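Below: the structure, in structure tokens.
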Amino acid sequence: MKEEEKTRLVIVQGPTASGKSALALELAERIGGEIVNADSMQVYRGMDIGTAKPSQEERRRVPHHLYDIVDPKVNFTAADFREHASRAIADIERRGKRVILVGGTGLYIRILTQGLVASPGGDDNIRRELEDQAHGEGLESLHRRLAAVDPVAAARLHPNDGVRIVRALEVFLLTGRPLSAFQEAHRFADEPYRCLKLGITVERELLYRRVEERVDRMIAEGLVEEVRGLLSAGYPATLKAMGSIGYREICAHLAGEFSLDEAMRLIKQNTRQYAKRQMTWFRRDSEIIWVEYPGKFDSILSTVMGFYH
């Protein structure tokens, strides 16, 4: 497909608490756009406060897509996201509107815009053995094992990212080839969209202060009650969705493992670390145009309008 024939996407990305949702909303109102979520946690129904979803008032201002689309018990994957997002984008374009993709899950954005890696299927027995090792010896042992056979993948993954560490080892044990080799061979060649990537840059101390304020606000708005309600409704702490930042710490607090103050301290600490990992991911993408928001909105709007014209 020729470049000029591709659907145009404005992508707003950056670390958590950087102001992505606010920028996406302001842009959508100014350019006749609709917002598509690219946050791996905001797809889940009933997980609202801890994922910092847009409010109902904000959603009434412009149409929002891919929020509250699956039950927390569903293991929603990057491939699932690509399928849902592709359909939403096609629908928005068909109605003559502009698409604004917003979120901090870099993998989702990359797979949507650059294609899926053709890697082998899974093996339940191998996965269970790896999960048993993680449970018995700790994730650090799995990460060291991965580093020995696929140092490229190990360097990309946080030592606590159990799901992806297990997957990378599973691929190696099934095929004898590192997962990074499959990714290198693929090189994410299929690019169906023409993209303008905007990244919000925030000075570190300001970002960390926003993180602290956001966590305090989540607790004040009822995060503990939200988690308690999910647990009571039959969503156990062992679910993948319930293991995300904010939910896992409150689950542990409700189980009597530590105080609410300690849970809040851990949420803030883990969120800061997550924001740092997000920035590391996004900084590797040379196509991102880094912008200041809200201070330089007029300049951002000018860049976006130039992209369409």
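Each Cβ is built from the backbone N, Cα and C atoms, and glycine gets one as well.
Swiss-Prot lists GLY14, PRO15, THR16, ALA17, SER18, GLY19, LYS20, SER21 with the feature ATP binding site. Contacts of GLY14 (ATP binding site) defined by a Cβ separation under 8 A and a same-chain sequence distance of 6+ are given as LYS20, GLY104, GLY199, ILE200, THR201, VAL202, GLN278, MET279, PHE282, in order along the sequence.
Annotation source Swiss-Prot lists substrate binding site at THR16, ALA17, SER18, GLY19, LYS20, SER21. The Cβ of ALA17 (ATP binding site) lies under 8 Å from the Cβ of ALA52, LEU207, ARG210, VAL211, ARG214, THR271, ALA275, each of which sits 6+ residues away along the same chain.
Across the region 'Interaction with substrate tRNA' (39-42), mean pLDDT in this model comes to 98. According to Swiss-Prot, the region 'Interaction with substrate tRNA' annotation covers 39-42, on the basis of sequence analysis.
The site 'Interaction with substrate tRNA' feature in Swiss-Prot is assigned to THR105 (among others). Classification of THR105 (site 'Interaction with substrate tRNA') by DSSP places it in coil, neither helical nor stranded.
According to Swiss-Prot, the site 'Interaction with substrate tRNA' annotation covers ARG127 (among others). Neighbours of ARG127 (site 'Interaction with substrate tRNA'), defined as other CB atoms within 10 A of its CB across all chains, total 15.
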For the binding-site residues PRO15, GLY19, the one whose C-beta sees the most other C-beta atoms within 10 angstroms:
PRO15
So, by DSSP, how many helix, strand and coil residues make up the region 'Interaction with substrate tRNA' (39-42)?
0 helix, 0 strand, 4 coil
Six or more residues beyond either end and a Cβ under 8 Å away: which residues meet both conditions relative to the region 'Interaction with substrate tRNA' (39-42)?
50-53, 66-68, 76, 81, 102-105, 108, 241, 244
Quick one: pull the CA-CA distance for SER21 (ATP binding site) versus THR105 (site 'Interaction with substrate tRNA'), whole Å only.
13
Within 8 Å of the Cβ centre of THR16, ALA17, SER18, GLY19, LYS20, SER21, which other residues of the chain have their Cβ, at the recorded substrate site?
GLY14, PRO15, ALA22, ALA52, GLY104, ILE200, ARG210
Recorded positions (SER18, SER21, THR105), the one with most neighbouring Cβ atoms at 10 Å:
SER18
Which same-chain residues, if any, lie at least 6 apart from THR16 (ATP binding site) yet have Cβ under 8 Å of it:
ALA52, GLY104, VAL211, THR271, TYR274, ALA275, GLN278
